Amino acid sequence: MGRNRNDVKNTFEEIFGNEPIVVRAPGRINIIGEHTDYNDGFVLPAAIDLSVFVFIQRSGTSRSKLISVDLDESYSLGMHDALVPVDQGWVNYFLGVIDQFQLAGHKLEGFNLMFTSDIPMGSGLSSSAALECGFGQALSELFKLKVDKVALAKMGQAAEHKFAGVKCGIMDQFASCMGQNNQVVKLDCRSLEYDYYPADFKDYELVLFDSNVKHNLADSQYNIRRNQCEEGVKIIQAVNSKVSSLRDATLEDLAQAQAEMEEVVYHRCKYVIEENIRVQAVCEALKAGDITKVGQIMLETHAGLSREYEVSCKELDTLIEIASACDGHIGGRMMGGGFGGCTVNLIQKDKVDQVIEEVTKGYQEALGINTKVYRVAIADGVGVCKQEINEGV
Ligand code: GAF
């Protein structure tokens, strides 16, 4: 996973003849608050110690070269070229960010860039958001643009909308930019006000199980969910004109509007309204040090995502079912957009090895798929690597 960073730096210097600036941008986990971000609601993510590393330096011309070390692919562009999405998927994240910088009035000159990533792609750990934020930070450093990190997160989100076609919320980019070592960040996705909470899970460890699948309806179904929520809001507004997004709606508003709604829209809205309540409850439980409660709420979220929001899949449900039956597992749920990727679980520290063994075996027996296990640490958000680049995160 990802190349040795010193090797990449040496290769950069050999190819381009100068020392690069190196930027690290992390992936993220999310404790609670799934599919709430684009409903103006609350989320509780954290940046992790799996990251994208971007190596960049000026080219001295108006042309730029991008190299994906992991994929062994490259792409060249002129900084005055018209920008449109291309077939090489990874390139679009870069084009999208360049487009955002240019729209914000920044004049970019040519650069050479290489990148490598530790974040497994398609695992729901936001490798794309990390790429957008890492590249944005790299441009900002290279051309001394002083773009603040919240602005960077917004640019990453806009790039994703326009060049990857996913109408994502702000959570992933915000976590990658604003994450802090050993802290989870509670974000109000409407006002972008945020608070940090110590990521102290006491006798429990967060463990991720990767379903090792990514169903290709993920992107299309994501946008459909977003539309269904917007449709629900319009109907709820007839009973409560103060509701401008699902974040404002109560379960009572929804009950009053239910008769006018398609059943599927009702269930989408119910899930989101309840999930926002669950984020608040998890924050309270964390403050009180009640980790068992956090685990229980995570299981409720999984049930909602699976049955009401319908973004889970057989593989994710199986992982949760097997893990829940293990001694020492106190909670878990699918994480991220859904239709594949990882589950996030809370497991008693002295039972982690045993649970990992049981889940790995059970998943293989049930579906014939190997799970991958990630025991991630919570880390800082995007930044320039000033020290030894192969150390730490
Ligand atoms: C994906 C999106 F990119 C996020 O914005 C968020 O909506 C998440 O799915 C679901 O909570 O990761």
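Just so it is clear, glycine is given a Cβ too, placed from its N, Cα and C backbone atoms.
Taken from TrEMBL, the feature domain 'Galactokinase N-terminal' applies to 11-58. Here TrEMBL flags Arg28 as site 'Transition state stabilizer'. The substrate binding site annotation in TrEMBL covers Glu34, His35, Thr36, Asp37, Tyr222. Taken from TrEMBL, the feature ATP binding site covers Ser68, Gly122, Ser123, Gly124, Leu125, Ser126, Ser127, Ser128. Positions annotated as domain 'GHMP kinase N-terminal' by TrEMBL: 92-180. TrEMBL lists Ser128, Glu160 with the feature Mg(2+) binding site. The active site, proton acceptor annotation in TrEMBL covers Asp172. According to TrEMBL, the feature domain 'GHMP kinase C-terminal' maps to 284-363.
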- Query: Rounded to the nearest angstrom, how far is the Cα of Ser128 (ATP binding site) from the Cα of Glu160 (Mg(2+) binding site)?
  - Reply: 8
- Task: Would you pick out, from the binding-site residues Ser68, Gly124, Ser126, the residue whose Cβ has the largest number of other Cβ atoms within 10 Å?
- Result: Ser126
- Message: Which recorded positions from the set Ser68, Glu160, Asp172 have a C-beta atom lying less than 6 Å away from ligand 1?
- Response: Asp172
- Over the span of the domain 'Galactokinase N-terminal' (11-58), count residues by DSSP class, listing helix, strand and coil in order. 9 helix, 26 strand, 13 coil
- When you measure from the Cβ of Tyr222 (substrate binding site), which residues in the chain that are at least 6 apart have a Cβ under 8 Å away? Val166, Lys167, Cys168, Val311, Gly337, Gly338
- Close in space, distant in sequence - Gly122 (ATP binding site), Cβ under 8 Å, 6 or more apart: Lys214, Gly340, Gly341
- Out of Arg28, His35, give me whichever of these recorded positions has the highest number of other Cβ atoms within 10 Å. Arg28
- Query: Could you give the number of helix, strand and coil residues in the domain 'GHMP kinase C-terminal' (284-363) as assigned by DSSP?
  - Reply: 49 helix, 15 strand, 16 coil
- Query: Three states by DSSP: which one describes Leu125 (ATP binding site)?
  - Reply: coil
- Whole-number mean of pLDDT values that fall within the domain 'Galactokinase N-terminal' (11-58): 98
- Note on the structure: DSSP assigns the residues of the domain 'GHMP kinase N-terminal' (92-180) as 52 helix, 8 strand, 29 coil
